[in-house]
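**Student:** Summarising the annotation, Swiss-Prot assigns region 'Disordered' to 1-35. Feature annotation from Swiss-Prot assigns compositional bias 'Basic residues' to 1-11. What Swiss-Prot records for 13-33 is compositional bias 'Basic and acidic residues'. Among the features that Swiss-Prot reports, domain 'CP-type G' is placed at 114-276. Feature annotation from Swiss-Prot assigns GTP binding site to N162, K163, V164, D165, G216, Q217, S218, G219, V220, G221, K222, S223, S224. Positions annotated as Zn(2+) binding site by Swiss-Prot, on the basis of sequence analysis: C300, C305, H307, C313.
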Amino acid sequence: MTKRKLSKGQQRRVQENHKKRLQSKEKKNHVELDDTQLGEATEGLVISRFGQHADIEAADGSITRCNIRRTISSLVTGDRVVWRPALQTQENVRVNGIVEAVHERTSVLTRPDYYDGIKPIAANIDQIIIVSAILPELSLNIIDRYLVACETLNIEPLIVLNKVDMLDAESRAMVSEWMQIYKDIGYRVLEVSSYTKEGLEALTQALIGRISIFAGQSGVGKSSLLNTLLPPMEESILVNQVSDNSGLGQHTTTASRLYHFPLGGDVIDSPGVREFGLWHLTPEQVTKGFIEFRPFLGGCKFRDCKHNDDPGCLITEAVDKGEIAPTRFENYHRILESMSQVKVRKNINLDS
């Protein structure tokens, strides 16, 4: 018997009921600690967040699972906080502290959600590592979508092309030519292989002293790269076997978590950055997200120029003169077209 397809309203009610059940269970497991049971306030770092609890790393590197004060409206991996440890560790109780306050963020990585608006998924990020690969398929369009997201969030990107060991000399030269497009407009690009270790030293140096997050589609080798770069851990970032037929891996991260690199710097591994939706952006924001367009903006003949076949368009003139790469220009219009096809729209405050 064919299952009846749920409407969007029904799907939303199912999702809300699911959240209520989870919250109800969390309340039953919630252990309250009063002030007499708590030590002095101290600084900490959110390593991971689980519902009403968070794992907090102290200055000595120890990790304590804590309750979160109900007055804290938003807490994500990467947040720097003030917390208080329990004076005595309680037997059979996993929660041994409480988060009291959150420091102001230097940046916040967000993603759009159809029902909940803009959702924060990580804080204090310095750079986004855009991981792409020749398998399952090298898509410059997807790279450009990530770059627009980075520019909109004002977080520096680093493009990492993985699995270059699978290219022959001719294909490698062609791919390097494509990557030169991004280098020419000021983006950093690294060609690496987690298998042969090519380019990993340069990537390691780029990660030192920064908080990074790896973004990319499933199968491009994000988890393999992280397992190569990180020290051996009891709980490693799992990587499923890649199919011999498809060349695809499977994304196995289930909760955002922060890890430390041996030479310095941190990484947040999160399931929320498999892809960045752009449907909540305006066409103007997408246009500004193509950094090589910016010198020409405001100079077109018509104020409502669509930068396509409009007469007097400085951007199309720049493409004709070779000042803007045709592939980037084509991907710009592909992104706008994909946004126009999204029928569901919600008014979202991007500053929230």
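Count begins at 1; order follows the chain as displayed.
Using N, Cα and C of the backbone, Cβ positions are placed for all residues, glycine too.
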**Student:** Could you state the CA-to-CA distance between N162 (GTP binding site) and H307 (Zn(2+) binding site) to the nearest Å?
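**Tutor:** Counting only the Cα atoms, the answer is 33 Å.
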**Student:** Please name which of the binding-site residues listed here, C300, C305, H307, C313, is nearest in space to S224 (GTP binding site), Cα against Cα.
**Tutor:** H307
**Student:** Over the residue list N162, K163, V164, D165, G216, Q217, S218, G219, V220, G221, K222, S223, S224, recorded for GTP, what is the maximum interresidue Cα distance in Å?
**Tutor:** 19
**Student:** Please identify, among the binding-site residues C305, H307, C313, the one with the smallest Cα-Cα distance to G216 (GTP binding site).
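**Tutor:** Closest recorded candidate to G216 (GTP binding site) by Cα: H307.
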**Student:** Go through K222, H307, our binding-site residues, and report the one whose Cβ sees the most other Cβ atoms within 10 Å.
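**Tutor:** Of K222, H307, the one with the most crowded Cβ is K222.
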**Student:** Spatially, and counting Cα to Cα, which of the binding-site residues is closest to K222 (GTP binding site)? Options: C300, C305, H307, C313.
**Tutor:** H307
**Student:** Around the Zn(2+) site formed by C300, C305, H307, C313, which additional residues qualify by having Cβ within 8 Å of the site's Cβ center?
**Tutor:** K301, F302, K306, N308, D310, G312, L314, I315, T316
**Student:** State the mean pLDDT for the domain 'CP-type G' (114-276).
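**Tutor:** That region's mean pLDDT is 85.
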**Student:** Name, in the order they occur in the sequence, the residues of the same chain whose CB lies under 8 A from the CB of V220 (GTP binding site) and which sit 6 or more residues away.
**Tutor:** V131, S132, A133, P136, N162, K163
**Student:** Near V164 (GTP binding site), which residues of its chain come within a Cβ-Cβ distance under 8 Å, counting only those 6 or more away in sequence?
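**Tutor:** Those within reach of V164 (GTP binding site), by Cβ under 8 Å and sequence separation of 6 or more, are I134, R172, V175, E191, V192, S193, E198, G199.
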**Student:** Enter the number of other CB atoms within 10 angstroms of the CB of N162 (GTP binding site).
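**Tutor:** Counting Cβ neighbours of N162 (GTP binding site) within 10 Å gives 25.
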**Student:** Taking just the CA atoms, what is the gap between C300 (Zn(2+) binding site) and S218 (GTP binding site) in Å?
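**Tutor:** One finds 40 Å between the Cα atoms of these residues.
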**Student:** Can you tell me how many other Cβ atoms are located within 10 Å of the Cβ belonging to C300 (Zn(2+) binding site)?
**Tutor:** 19
